[in-house]
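Take a look at the structure below.
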Amino acid sequence: MNNIRNFAIIAHIDHGKSTLADRLIEECNGLEAREMINQILDSMDIERERGITIKAQTVKLNYTANDGNQYCLNLMDTPGHVDFSYEVSRSLAACEGSLLVVDSSQGVEAQTLANVYKAIDNNHEIIVVLNKVDLPAADPEKVKLQVEEVIGIDASESVLISAKTGLGIKDVLEAIVAKLPAPQGDVNAPLQAILVDSWYDTYLGVVILVRVKNGVLKKGMKIVMMSNNATYQIDNIGIFTPKKVMTGELSAGEVGFITASMKEVADCKVGDTITEEKRPCSEALPGFKEVHPVVFCSIFPHKTDDFKYLREALEKLHLNDASFTFEAETSNALGYGFRCGFLGMLHLEVIQERLEREFDLDLTATAPSVIYRVTTRSGEILNIHNPSDMPDPTKIEIVEEPWITATIMVPDQYLGEILSLCEERRGEQEDLSYIGNTTTALLRYKLPLSEVVFDFYDRLKSISKGYASLDWEISSYLVSQIDKLSFLINGEPVDALACIVHKSRAEKRGREICARLKDLIPRQQYKIAIQAAVGGKIIARETINPYRKDVTAKLYGGDVTRRMKLLEKQKKGKKRLHSIGNVNIPQNAFIQALKISD
């Protein structure tokens, strides 16, 4: 066990952690040269294209150090995006140390901070690795100072590398062997293992990634999940090199995978403790929590026939990612679809993109919303994320909305605009400080989640030319003035456009969407009224004027009553059309109307 090292790589998006993982695998001959592809551990196409890591991955490397000993290195590649921060915290709980990768041309960013603090909470030994030192803009000395001032860890012995060219990779491996502690654990104690991640494999069923803390996992053993007391029998045990290699057993300190004829990923919750049925351990490992969706939206297929394919696609994705939820719903305007819950906006985009790309579906997504807590006059408490479930305003006592604590790091020259963005989003400033003697400001804000889920992240990035970074966590529910904004077309409510908004925004939002619909809905033979309403009160209106056929064109001379008669006849015809005519709203009108403008 003294020759095992379990470590994670922590980095902000784009600081090069997946590339560093590639170089470490190459250096330890984990794969033959012909099998090597860039970002080998990012197994989904979408992970490679967006340059993000979504699922935590693991790989076991054998390394012969300069001292002549053979070491077994278990590398955990963790996601870097704020939506997946729980996956990060579980991966970190399975390790004893971390490599903190910082881009030496950009310096420390907000998500790096959040993940480093998680590593420190797990008592990790941290090795600072400064990447991209071959870039002209790299300034390792400045970044070392920044690491010491911002994070408060010693960076004097940082390893300087370029993951792209392979410079300094050997030094990283030597530092891992020399500085990181070996795992602690007792092979003879009752089994205690942490479930780090799980995914679905078409041949093996659910594959579970585990780190054994105490005891031994063996093939054929009966195991128990401590969160729900479900029991299973182990079919296969193995490790990733990063190819699957069956080993038959895993003992204390080791990381590997097991399969146990599970049908669904939802059965195994990330962070859960696994123990033996015959000889269970006395307590579960700390830090487990259920992950709940934060952002909700409805997804509808363009063709109604695709509904069953959409259900199958969602079920397949759910096999791999139990953190999003879905239930069927119907809409008068858009037909059959699903109400889905996600961990955040990136998670929503990734799932939607995977549905469209991997399953070839054309989809419409409604405006995202968050969970509001409504207390009715009768004292009932409802959790509501779908506008159609909102009770009548006369029955509501109070509505509470979720607030978050956001940490924003931003260069000084963009500070003013970022502050006004936060104020515009109803934010309350808690703290503003400068990092050491740099020109980077560290902001702490309390913001309503509903203002952040839309386009806050995009606006933050565009204002700061991509230099600002954001990390957030939900802090509390606060009483707020929330209204349901409905839209009527010729007096008929359109459920797909309804949304829940803050009172101060209702009128502006109503006007915006009405104006947009006016441009998008084609003209008819009769007048169309587009209205926005809160409760029973109309707060905005646009009118689409009808086409007018010139029925008097063929008249010339003659009596004026002939002219009047034709115009009267046209008027009656339009009136009849208006009473029986349905306004056909094209699908793209919904999609365009729901896009949030800056």
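The backbone N, Cα and C atoms fix where each Cβ goes, glycine too.
Record features, source Swiss-Prot:
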{"type": "BINDING", "residues": "Asp14, His15, Gly16, Lys17, Ser18, Thr19, Asn131, Lys132, Val133, Asp134", "note": "GTP binding site"}
{"type": "DOMAIN", "residues": "2-184", "note": "domain 'tr-type G'"}
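Cβ neighbour count for Ser18 (GTP binding site): 24 (other Cβ atoms within 10 Å of its Cβ, all protein chains included). Around Val133 (GTP binding site), the same-chain residues at least 6 positions away in sequence with a Cβ under 8 Å from its Cβ are Ser104, Pro140, Leu160, Ile161, Ser162, Leu167, Gly168. A sphere of 10 angstroms centred on the C-beta of Gly16 (GTP binding site) encloses 23 other C-beta atoms. Packing around Asp14 (GTP binding site) is summarised by its Cβ count: 14 other Cβ atoms lie within 10 angstroms of its Cβ, all protein chains included. Secondary structure from DSSP puts Ser18 (GTP binding site) in a helix. When Cβ atoms from all protein chains are considered, those within 10 Å of Asn131 (GTP binding site) total 30, not counting its own.
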